[in-house]
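Copied over from TrEMBL, here are the features:
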DOMAIN    4-144  domain 'Lactate/malate dehydrogenase N-terminal'
BINDING   9, 10, 11, 12, 13, 14, 15, 103, 110, 127, 128, 129  NAD(+) binding site
BINDING   90, 96, 129, 160  substrate binding site
DOMAIN    154-319  domain 'Lactate/malate dehydrogenase C-terminal'
ACT_SITE  185  active site, proton acceptor
Ligand SMILES: NC(=O)c1ccc[n+]([C@@H]2O[C@H](COP(=O)([O-])OP(=O)(O)OC[C@H]3O[C@@H](n4cnc5c(N)ncnc54)[C@H](O)[C@@H]3O)[C@@H](O)[C@H]2O)c1
Ligand SMILES: O=C(O)C[C@H](O)C(=O)O
């Protein structure tokens, strides 16, 4: 059956890297036809139409149709997979509160449109920053959609952590399993290698270097977004699109046996993360559903870092609460 996939911010740089991969079947698999709904602000609709022309020109066998619109209701009507990429970037002089308010103006109506029109099996991935709190806002305005359908992206951080660890150990990325990103998709995130495995060996033991872990690995992963902006003059786009593909593909098709992934999901209170916050956890996916991996032992080093990132999420939640957005 054809799956309706909505992409917001479709004319942006992530959109440009993402849409062709969705249309080629990499999001949902080689047997699933897709219909794309591209949502943009009025000023960028023409550019999105240009991308739609290019999608046509690619003659993707799985692509059954493309709609371009600036109307959220139309974009989310009957949608099965909603990729919320478009967001208001922080501009000069903007405080964190201003940023949260501006994004509330985007994610509140989009949550409402998902609530009223999306398909009953809708799955939502928020990529647009601040991703966790934008997901919280959208979820808060979709009371009829099960909360577990709202997720935010930390898969890029997860992939970055795997890449850094594999380089350090001279191992193949495919040999790194059970990486975890905890908390917020921000510089406070905590990439945790204490449960990770490399070629079957515990990763923290294989590294055996507390200084590298604390002073190099964690800051490199957590500040990678800023390093990409510094190097490229623009934020990560192709790697972010790739991670979005990975996130949804894993959610729908499952995590491989003996591995897990990282997703920011609505907390059920696991690991002391307050219920209702959208925070990153180790999760396994099976039969189209995710579940937080339970029973991991959290050492003091990890506990402090998880708590710091969760505190930031609480502050963001309190700020959007004050604005009446959740
Ligand atoms: N979670 C992550 O790991 C991660 C990684 C990289 C980037 N990001 C974030 O993803 C977002 C998009 O990045 P980008 O590089 O594609 O930005 P971009 O500026 O190139 O594109 C964003 C697009 O969103 C559109 N847009 C703005 N408001 C909209 C609305 N209300 N409805 C629909 N479209 C709207 C804009 O017109 C623009 O075309 C940013 O917030 C960025 O910070 C997140
Ligand atoms: O857009 C950004 O600020 C950075 C982005 O979230 C990233 O992690 O690359």
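The chain as shown is numbered from 1 upward.
Note: Cβ is positioned from N, Cα and C throughout, glycine not excepted.
Feature map: annotations from TrEMBL on the structure.
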{"residue": "9", "record": "NAD(+) binding site", "Cβ contacts under 8 Å, 6 or more apart": "15, 39, 40, 84, 85, 86, 87, 128"}
{"residue": "13", "record": "NAD(+) binding site", "Cβ contacts under 8 Å, 6 or more apart": "234, 235, 237"}
{"residue": "90", "record": "substrate binding site", "Cβ contacts under 8 Å, 6 or more apart": "99"}
{"residue": "96", "record": "substrate binding site", "Cβ contacts under 8 Å, 6 or more apart": "316, 319"}
{"residue": "110", "record": "NAD(+) binding site", "Cβ contacts under 8 Å, 6 or more apart": "8, 72, 76, 84, 138"}
{"residue": "129", "record": "substrate binding site", "Cβ contacts under 8 Å, 6 or more apart": "87, 89, 185"}
{"residue": "160", "record": "substrate binding site", "Cβ contacts under 8 Å, 6 or more apart": "191, 221, 224, 239"}
So which of 110, 160, 185, listed as recorded positions, have a Cβ under 6 Å from an atom of ligand 1?
185
Counting every protein chain present, what is the number of Cβ atoms, excluding its own, within 10 Å of the Cβ of residue 15 (NAD(+) binding site)?
25
For residue 11 (NAD(+) binding site), just count the other CB atoms lying within 10 A of its CB, please.
24
Near ligand 2, which of the binding-site residues 15, 90, 96, 110, 128, 160 have CB less than 6 Å from any of its atoms?
none
The residue listed as 'active site, proton acceptor', number of other Cβ atoms within 10 Å:
30
Let me make sure I understand the span of the substrate site: among 90, 96, 129, 160, what is the greatest distance between any two Cα atoms, in Å?
25
Including all protein chains displayed, how many Cβ atoms other than that of residue 128 (NAD(+) binding site) lie within 10 Å of its Cβ?
25
When DSSP states are grouped into helix, strand and coil, how many residues of the domain 'Lactate/malate dehydrogenase N-terminal' (4-144) land in each?
64 helix, 26 strand, 51 coil
What average pLDDT does the predicted model assign to the domain 'Lactate/malate dehydrogenase C-terminal' (154-319)?
98
